[in-house]
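Residues or ranges marked as substrate binding site by TrEMBL: P29. Summarising the annotation, TrEMBL assigns heme b binding site to H59. What TrEMBL lists as Ca(2+) binding site is T60, D111, T114, D119. According to TrEMBL, the feature disulfide bond maps to C66-C98.
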Amino acid sequence: QTGGPFYRVELGRRDGRISTKASVQRQLPGTNFKLDQLNSMFARHGLSQTDMIALSGAHTIGFAHCGRFSKRIFNFSPRNPIDPTLNFRYALQLRQMCPRNVDPRIAINMDPTTPRTFDNAYYKNLQQGMGLFTSDQVLFSDPRSRGTVNLFASSNAAFHNAFVAAITKLGRVGVLTGKQGEIRRDCTRPN
């Protein structure tokens with residue numbers, strides 16, 4: 001529906017019967033993570049840097065609440081109120097959409113150019129300094145990951161192929177075996 005790639009989802013995964021916010025909080029990357037932290041977190045699950053960069057491309061759709069990135073646009077450091085890796089014009093737009101003390105329910109699109117299309121615009125945005133989170137923009141500002149960002153920015157097909165490979169690998173992380181968990185008839189709730 002959003003223009004992303006079609007791929008066959010592997011079925012028959014055994015999942016736990018209980019899912020809590022606390023159980024996943026330390027399993028997701030923080031919005032302020034640097035490249036080493038991102039690589040380390042994904043590597044613990046057998047995912048490569050390329051997998052991590054491809055999965056980050058999911059930020060081409062969706063939204064984020066202002067509080068998740070406000071430090072980057074108002075008080076990044078004593079010297080620089082705005083994060084210098086952030087496109088200045090974009091930062092000013094973000095300030096207008098997310099002024100200080102904004103209602104915490106206010107959210108903006110993570111991809112300011114094509115927010116409803118699953119495409120490689122996310123990577124093109126990173127090239128322009130328009131990554132919403134530090135953990136997004138670092139993928140371009142760190143030379144160790146910039147080449148992959150440039151590849152995905154130049155080829156929607158390369159991004160889609162890498163995303164399918166990475167999301168398939170991610171679906172194999174932490175699968176329960178034996179009598180643990182269950183294979184759900186409806187993935188949104190335990191049987």
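Here the Cβ of each residue, glycine as well, is placed from N, Cα and C on the backbone.
Whatever TrEMBL says is automated annotation, not expert-curated.
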Quick check for you: of the recorded positions P29, C66, T114, which have their Cα within 10 Å of the Cα of H59 (heme b binding site)?
none
For C66 (disulfide bond), which residues in the same chain are close in space, meaning a Cβ under 8 Å from its Cβ, but six or more apart along the sequence?
M97, C98, V102, P104, I106, A107, I108
Give me the sequence-ordered set of same-chain residues, not including T60, D111, T114, D119, with a C-beta within 8 angstroms of the centroid of the Ca(2+) site's C-beta atoms.
I61, T113, P115, R116, T117, F118, N120, A121, Y122, N125
Cβ neighbour count (within 10 Å, all chains shown) around H59 (heme b binding site):
20
I need the CA-to-CA distance for P29 (substrate binding site) versus T114 (Ca(2+) binding site), whole Å please.
24
Lowest local Cβ density (other Cβ within 10 Å) among binding-site residues: P29, D111, D119:
P29
